[in-house]
Amino acid sequence: MASATEDPVLERYFKGHKAAITSLDFSPNGKQLATASWDTFLMLWNFKPHARAYRYVGHKDVVTSVQFSPHGNLLASASRDRTVRLWIPDKRGKFSEFKAHTAPVRSVDFSADGQFLATASEDKSIKVWSMYRQRFLYSLYRHTHWVRCAKFSPDGRLIVSCSEDKTIKIWDTTNKQCVNNFSDSVGFANFVDFNPSGTCIASAGSDQTVKVWDVRVNKLLQHYQVHSGGVNCISFHPSGNYLITASSDGTLKILDLLEGRLIYTLQGHTGPVFTVSFSKGGELFASGGADTQVLLWRTNFDELPYKGLNKRNLKRLHFDSPPHLLDIYPRTPHPHEEKVETVETTETSGRTLPDKGEEACGYFLNPSLLSPECSPTTTKKKTEDMSDLPCESQRSIPLAVTDALEHIMEQLNVLTQISPQGLWRHLTDCEKEPCENLESSYDLLKENHVKNHFVSFCNIVLYVTFSLFIRHLFSLKAIALFTSCQI
């Protein structure tokens, strides 16, 4: 059991919203916190050097979700006014507006590289947007009721969504198809998200449950019933070892996923808690609810450097072992003293972006995607902050390519087992050269990580697969002929 010095501590709380807090998110550098509310406003809280808050005015109805872009240069928000807005997180609060949904929008989520934005709506759809071109790309339709949340996987290959149709769906962003489906006969999920390694998803249930699923084997790993009210939101610690939950019973719960048990119950809100989120480094977390307060907590029990964590997840090739299941009774609640923080509030009216050219290109494009026309001084600092992350050419070989190679080798083994001896020698001689090319291209790809080598490697894979298929057909005919001759 953790000692008192390792317990989470309430550092301060902020007041500025006039209605319930619906969503919040930390900036990548941990110096700002964005909050959304039923009062139709967004607020941006600055921690250092002086506590100051900006109120962003623009939405015409409840703001349901807010999130920073991975580089911190954009702030996305969703609203019941059916719009999605991208804000520049500064004192001017300029924004651009996206309109495509035909009903209230419930959530927004950036992909890990910042190139795409996923939005979920009560029109039963998930829509994906390009941040580079600032336009709508495609929709995902399979839910039969309101979609409450949609989140990208850490590698951007999948999207998980939950709906009031009592299903959780996994989508492939490449072929834009639903590849998996989890259903529940009791309640629906209010919120869903991937763990940092992308191997599992966790759901916050209206039936007071928290569930953790392994997406590799489509299996329910853990099932927690620790709340006495509906669970509204969850957040994974960046280490992936802890999960924090927010509930309508007015409490926050911290779960140890490795041991499969509840370790903390935090009481600070006077009413339902609607949202909770860890900072990107895990040293802080914040919560908000019906009492209009934003509580800022220091984690204490586990911290992990953000940049080191990013490198580990981006270079991941194989999934970690799944957490095990244990039923251990929770600890006693841990109430904490409250500390009041006085914050200067500045209101910024919602202003649309300037015409094309000028400032817009520097603010709304990812630093890695900026065109030469944009001013280099605007993005210099952001580019430096990204220097520790591996670029595309430095990343490891995708797992799908490795799987394809293994599948080809399995087919080769099948052919060698069923073919007659003479045909086998013929196939071995014919396949020797393309197989050597395949292996050399594979080695070259591993050594250089160059995009054009990857393209040629894929072409060779396709060629060998096709040739093996044709030769397999001929081998079957030869076997039939050989058998008939024997008879």
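Glycine too: its Cβ is placed from the backbone N, Cα and C atoms.
What you see is a predicted model, and the numbers here were worked out from it, not measured in a lab.
Quick look at what TrEMBL lists:
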- 14-55: repeat 'WD' (REPEAT)
- 56-87: repeat 'WD' (REPEAT)
- 98-139: repeat 'WD' (REPEAT)
- 140-181: repeat 'WD' (REPEAT)
- 192-223: repeat 'WD' (REPEAT)
- 224-265: repeat 'WD' (REPEAT)
- 266-297: repeat 'WD' (REPEAT)
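Within the chain, the repeat 'WD' (56-87) has long-range Cβ neighbours (under 8 A, six or more residues past its boundaries) at 22-29, 32, 34-38, 40-44, 93-110, 112-114, 117, 119, 121, 129, 131, 134, 347-350, 363-364, 366-367, 382, 385-386. Residues belonging to the repeat 'WD' (266-297) score a mean pLDDT of 96 in the model. Ranked by the number of CB pairs under 8 Å to the repeat 'WD' (266-297), the listed stretches 14-55, 98-139, 140-181, 192-223 are led by 14-55. Residue counts of the repeat 'WD' (266-297) by helix, strand and coil are 0 helix, 19 strand, 13 coil (DSSP-based).
Listed by sequence, the residues of this chain that lie at least six past the ends of the repeat 'WD' (98-139) yet keep a Cβ under 8 A from its Cβ atoms are 61-62, 64-71, 74, 76-86, 145-152, 154-156, 159, 161, 163, 171, 173, 176, 314, 364-366, 369.
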